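Inspection log for the structure reproduced underneath, given as structure tokens.
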Amino acid sequence: MSHWIIAPVILPALLAPLIGFVMRHDKVLSRSASVAGCVALVVIALGLLNMAADGTVHVYRLGDWPAPFGIVLVLDRLSALMVLLTSVLALIVLLHVIGTDWDQRGRHFHALYQFQLMGICGAFLTGDAFNLFVFFEVLLIASYGLMIHGGGQARLRAGLQYVVMNLGGSTLFLFALGTLYAATGTLNIADLAVKVREIPLEDAAILRVAAILLLVVFAIKAALFPVQFWLPGTYANAPAPVAALFAIMTKVGAYAILRFYTVIFGPDVPAIGDMPELWIKIGALITIAVGAFGVLGARRLMPLIAFSVVGSMGTLLLAIAVFTPQSVTAALYYLLHSTFAAAALFLIGDLVTTRRGASADSLLPAPPIANNGLLAAAFFIAAIGMAGMPPISGFLGKLLILDAFQGQAHQAIAWAAILVTSLMVIVGFARAGSLIFWKAEGVVAVDGHGALTETPAPVPVAGPSQPNVGIAFVAIGACLSMLFLLSIFAGPVTSYLTATSAELFDPAAYVDAVLSGGN
Amino acid sequence: MNNASLLPIMALLPFLGALVPGLMIRAGRTACATFTAVPTILALVMLGLCAPDVFRGEVLQIEFEWLPALGLSVSFFLDGLGLLFAGMILFVGLLITLYARFYLSGDDPAGQFFTYLLLFQGAMLGIVLSNNILLLLIFWELTSLSSFLLIGYWTHLPEGRQGARMALTVTGMGGLSMIAGMLILGNIAGSYELTDILAAGDAIKSSDYYLPALLLILGGAFTKSAQFPFHFWLPHAMAAPTPVSAYLHSATMVKAGVFLMARMWPALAGTDAWFYAVGTVGLITMVLGALIALFKDDLKALLAFSTVSHLGLLTMMLGFGTEAAAIGAVFHIINHLTFKAALFMTAGIVDHEAHTRDIKRLGGLRHLMPITFVIAVIAGLSMAGIPLFNGFLSKELMLEEAAHTDWRGSHYAVPILATLGALLSVAYSFRFISHTFFGPVRDDYPAKPHDPNFGMWAAPGLLVVLVLLIGIFPQATVGPLVELAATAVVGHELHHWHDLKIWHGVTPALIMSAIAVLGGLILLALHRPLERLWNAVPRPEAKVIFDHVVGWAVAGSDWIAHKTHNGAISRYLAIFVVSTLALGAIAASGGGLAPATRALLPVPPLAWIGFLLLVVAAIAVVLLHRERFLSLILISIVGLGVSGGFVYLSAPDLALTQISVETVTIMLMLLALHFLPKSTPAESGIFRRVRDGAIALGVGGAVASLTFAFLLRDFSSISEFHLTQSKVGGGGTNVVNVILVDFRGYDTFGEIIVLGIAGLIIYALMHALLDGPAARRLRNWEFTQERSRDRHPMLMVIATRVMLPMTAMVGVYIFLRGHNEPGGGFVAGLIIAIALLMQYMASGFGWAQERQRIEYHAMIGWGVAIAGLTGTAAWLFGKPFLTSSFGYFHIPPIEEFELATAMAFDLGVFLTVLGAVMLMLYSLSRIARYAGETVNTAAMDYDPSQGIRETTEEER
């Protein structure tokens, strides 16, 4: 048993109090510690991925109690991948935060950031449903703090929505777990996988309720219709780098759905059948549409990006909902892609917004900004990534998903939804980009009647004073490179993902590893 | 070395080359253009190396794996068709680079231009070389994107931006449709490799999915090649600089659709569906485009619609599906390229020199711009289809094919319309020449026109030389290439190949041609009256329609998205709750319920009383919730009721925890209420209240029945293990505590962190609030309510002071006994917190704070750290995180006692809980001080030991 499995939880959990209570008065010190923590997390995650890549399921028994009586952590390909994704994203976003001095706009940023990472990693690694609840709480409460970091009226109002909605979700989570325990007498995921398959449909009413309640809980996290309403306001008003980090938070919901509805409530479970598949599909289709409407109709850049995240979550869950190994592979690839694409957009949006001064992120003409060309290029790449245009990974992701639907139920409607909304997203992003980056070239001033005077040779306004903003550009560059890397190494990546989804659909190895006394 | 390995390098070269111009522009435009030409020339040389193999009939192929899970590979091949198109792309690319060097002004960011140009070139080259249709799709979309950048190149021009978006929207739409089509096609053929698909033509055409695949793919081809009704984007793309128009929007990109139809010919062509879809659309486009072109005054618009018309011609030819038509199409692709690119460049020269391209403001340029004039005339005559110019030859082939094409039984429809198209084409070609160059020299040109320098007319000059050479010696110049490419199109040896000739004798085509020329001249003569007529007739304006459609879509989307996401949290929750309820009901109804195995227990009167108390308090909260103070008290009754329930049901640990949590929460909320309005305004109407009431009752009923359902059924659970292992494995007889600190200590670790974070957030939030508008409101806070005059009554101070050590003792006791009896760190932390809270309430924050030596932040930090480090200590013994150990010690004179590592963990819990609660209190008091609350320094209002009645309060 390797103690490294728990390192992604313990490292930030111990680092956070250290930063929060010992280093909080010094900027450089807390930043250094936070970066060091993130770098270490990346290294650990790489090591874990390497451990998991051979297909061995590693189990870590907390307190040395045997499963299902104690809590276990389980490292398999999927959890290793998600932890790696989290750590890489966290490092990139942290660099941006440092480059833009976001951490100085409120208290305890780095401590909350580390706690946030602890919560996310814990949720990915746990092999216990109740422990998942606990880590949901950790990541949620940390995210409440990050969400309202820096304050401001709009942000606090949006933050309240976020908190209220998630408190509702947490309450339901408890109900669902109670119901699940009443139906099966256990909350260990592997044990549940066994027990659930023993319950006949005639006795399954309680179990089915538990399954659907859990689905709603995870749907809130994953922003699936009809519980997606919180996302646009939250992401658009959160500090932009936090919104970028939140790109992984929605994926926690997607991960939980993936884990629970394959290993526990898989398509082969007689008591459940295709119930999750049906409802996720319906929700996902509407979610995709909601996202596309929001992108096309956006009046401000940040909500536009936020709605594009909603749309991408719809696409992701639509792919998951097919519940075949092929579709899950596609979904996982798209998951990796959409995380970085969303993060890149938020980071770019942050620089654009701060540079536009009073115009902020409104989609109205304003004078050109500093680094207009560079930011325009970055926005262009990130936007085609999010819209699913080639050559970067979004296109491959969408192709994989469309391909996974070939010959499956609801192929036509799924294809139509994905393709039509792609067009809406393309148009929405093209409008926003041309307005912010191109139209600005013609704007110098607005006369009394609001008409624009156009001139071909404008003078860019100076950006705000951000001495280290170069680091932020490095962060954006890193985020975009991830999209290119995902695209170039699509072959090796998907072969890992294929193995991952195979593992999910044949949970025997998982169950054996957890329930047997072995390592 | 195998020449096939050159293919990926060719495709990659422009992309690599695209990195250079952005930097080379620093060395000037000439250097920049030269370095843009380098990758093009290199690729052209490589193509030349490959050409002999292709002419020998070989198909060069190379493949690398990329995404095998999808069937996407980096797979290129070069056959006759690919060779033709690649040659055209590179050759024209070279000419355009030269032309653009002189066309762009010093103010234009030329570096960007050449970068975009090379990106486009690479994408286009990729399309024609791809042997994998998914790879082809990637390059296809890349052409849309690079075209978007090029059309919008002059970002300050609204037409440029709008044209760019329109082009992206229309071609993007087509691209998406093509994605679907290609995926279906690949699925039918069982491979995404083009060579496999082309070989599976028969299987494809007989498949049920043939028609959807065909239509979806044609959607891509038609939008790209500006076929009716998607033709409207092309004229608006003319806002791009003229080199772009010449390159993308006449010579190459718009031909991508035609290329695709030609490429897919063996797999898709030859069916009725193909004929009617492709042939008809092509025919309509040809005639319509030519008609509109005749009435356009902008030279580039005229050429744009002429391009639409010629693309229609090509599409129609491919639609005919015959071998001869394929030959004609290939030949016309070459011819159209030569004359149309030359014409665009000519229009650009006129625009560049005369500063206008409005045909109405031009005329008489033949004397002022003789070289340009010659070029324009040669190219224009070719476009009109006059003998000895290459346009004539391919148009003859078209008319010949049209002459014997049957359209739904009609022998005349196609030939007549084709002649009409040719006729209109003659008319606008002559109009282009005569209205621009003939007529009297004017004196009102915006600028004095003159011939440009050599660099600018060299490219069109070379092209018209080709026009003549091909026109006169067709077989010698391009014959073999046409044969080769046409072979590649039809996918087998040509059965009816005749060498290209100028003279075929008097054929129907020649007669149709003659009619076209004569008719065209008549039309031109009648142009003025016709133009008046044309302007009088109302026509749908595509841009207006498009803008409206997009406008509606945007407004509608805006409406939908923002109406539903307007921050109405109560609606969000209502939707969430109702849908959860509905889903739960549906899920439950899908499965059966096992028979109940437990009997209901008798309910003693005490339980009834407790139950009634709960219900009454809960109802009272609902009724009185606007009185916030009152409802807080009522909530605490509910809390106590629940605690009582725990006691009744023999769960002392839960009861203890519940009571302490309840007490602390209510105390903190009471303090917070101080800064909030004391009553809630009535905001929701009767309908809302009834609706929400119904939802609440529904959910309450559902949760109750669910609980009832599982309480009536036995189930086996893992708790058996916990009961038996608590003492022997965990060292404690209180199984609840052992679960908390040992079996599931990891959960507790997480939960104390939650509590610690909550403390931090409240602290951070307090700071954020005190920076915002809330701070201003607080500063102006009026404590209007009637207040007690003794804020710190002596009685309360004395009482709490006496209780402090006692409570602390209870806390320690509860902590220590936790492992074996009800209690533990969590409860102990709360109890100590209550003891301290009471001091603060009695004597005020200022007084208490002075006597507080440990920082709360640190207390939380230590708590988490102690708990965490206790857990990690197990690593030293090779055990997993949080593995506990315990032992029994005997140190006289004390009785034997037990020490467990779990207690250290519990200490961490204790500290975190205490720190978090106190930090919350501290934050509240900060707010209080901000609101102008006075700070007392004495313990109580009246301190008898001082002997004088005095209240020491000082403003802070």
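Cβ atoms are placed via backbone N, Cα and C, with glycine included.
Sequence annotations record features per position, and here TrEMBL assigns domain 'NADH:quinone oxidoreductase/Mrp antiporter transmembrane' to A:128-423. Annotation source TrEMBL lists transmembrane segment at A:6-23, A:35-53, A:78-98, A:162-184, A:204-224, A:236-258, A:278-297, A:304-325, A:331-352, A:373-392, A:412-430, A:469-490.
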How about long-range neighbours of the transmembrane segment (A:331-352): same chain, 6 or more residues beyond its ends, C-beta under 8 Å?
78, 81, 85, 89, 92-93, 96, 100, 102, 235, 240-241, 243-245, 247-248, 251, 254, 258, 301-302, 305, 308-309, 312-313, 315-317, 319-320, 361, 369, 371, 375, 378-379, 381-383, 385-386, 392-394, 396-398, 400-401, 436, 469, 472-473, 475-476, 479-480, 482-483, 486, 490, 493-494, 497, 500-501
Is it the case that the transmembrane segment (A:278-297) and the transmembrane segment (A:412-430) have 3 or more CB pairs under 8 Å, with pairs at least 6 apart in sequence?
yes
Could you check whether the transmembrane segment (A:304-325) packs against the transmembrane segment (A:469-490) - three or more CB pairs closer than 8 Å, residues at least 6 apart in sequence?
no
Under 8 Å for C-beta pairs, could you tell me which stretch among A:6-23, A:162-184, A:236-258, A:412-430, A:469-490 has the largest tally with the transmembrane segment (A:78-98)?
A:236-258
Mind pulling out the one from A:6-23, A:204-224, A:373-392, A:469-490 with the most Cβ pairs under 8 angstroms to the transmembrane segment (A:412-430)?
A:373-392
Sequence-remote contacts (6 or more beyond its ends) of the transmembrane segment (A:6-23), Cβ cut-off under 8 Å?
29-30, 33-34, 37, 40-41, 44-45, 48, 60, 62, 73, 83, 86-87, 108, 110-115, 117-118, 121-122, 125
List, by number or range, the same-chain residues at least 6 past the transmembrane segment (A:162-184) whose CB is under 8 A from its CB atoms?
129-130, 133, 136-137, 140, 143-144, 147, 191-192, 195-196, 199, 206-207, 209-211, 213-214, 216-217, 220-221, 227, 229-230, 233-234
May I ask for the residues of the chain that lie six or more residues beyond the transmembrane segment (A:373-392) and have a Cβ under 8 Å from a Cβ within it?
305, 308, 312, 337-338, 340-342, 344-345, 348, 351-352, 355, 398, 422, 425-426, 429-430, 433, 436-438, 473, 476-477, 479-480, 483-484, 486-487
